[in-house]
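*Asks:* Below you'll find the structure I mean.
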């Protein structure tokens, strides 16, 4: 599967479409003249090395993605074993809405395309969690991250690790 193509996105206007370091570099480049570039580059390297990322800043693409997947997996982990028709409809609507409202435009478009190929499986908690894990793994492959072992999805998101490290 190819990496997600972000070339048609204007990252200068989309902090949620790129990671924070890339976004700040792009902001600085747009402000600096060619004579200032050497000084800016030295300053960028020093700032990246020295400055810890604050936790109360607007989310960048990576933070937004991690937070979104955490929310989705937690919802799936707590989805009923025998959901009502309404609960099944609600989760489908939620996921569909997320694919249209997600702040990273190319991420949202890619997710909508994946939903067309593989709609949410909402029969029960296990099916929803497994479906979501497969969807997450598709994204992980596209962005070069490791694939998660979906047989451990409930251990990760519902029950806690067997070694007791979450207790």
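The backbone N, Cα and C atoms fix where each Cβ goes, and this holds for glycine too.
From TrEMBL, here are the annotated features:
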COMPBIAS  24-34  compositional bias 'Polar residues'
REGION    24-61  region 'Disordered'
COMPBIAS  35-59  compositional bias 'Basic and acidic residues'
DOMAIN    57-157  domain 'ERV/ALR sulfhydryl oxidase'
*Asks:* Report the mean pLDDT of the predicted model across the domain 'ERV/ALR sulfhydryl oxidase' (57-157), rounded to a whole number.
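*Replies:* Summing pLDDT over the domain 'ERV/ALR sulfhydryl oxidase' (57-157) and dividing by its length gives 98.
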*Asks:* According to DSSP, how is the domain 'ERV/ALR sulfhydryl oxidase' (57-157) divided among helix, strand and coil residues?
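*Replies:* Helix, strand, coil within the domain 'ERV/ALR sulfhydryl oxidase' (57-157): 73 helix, 0 strand, 28 coil.
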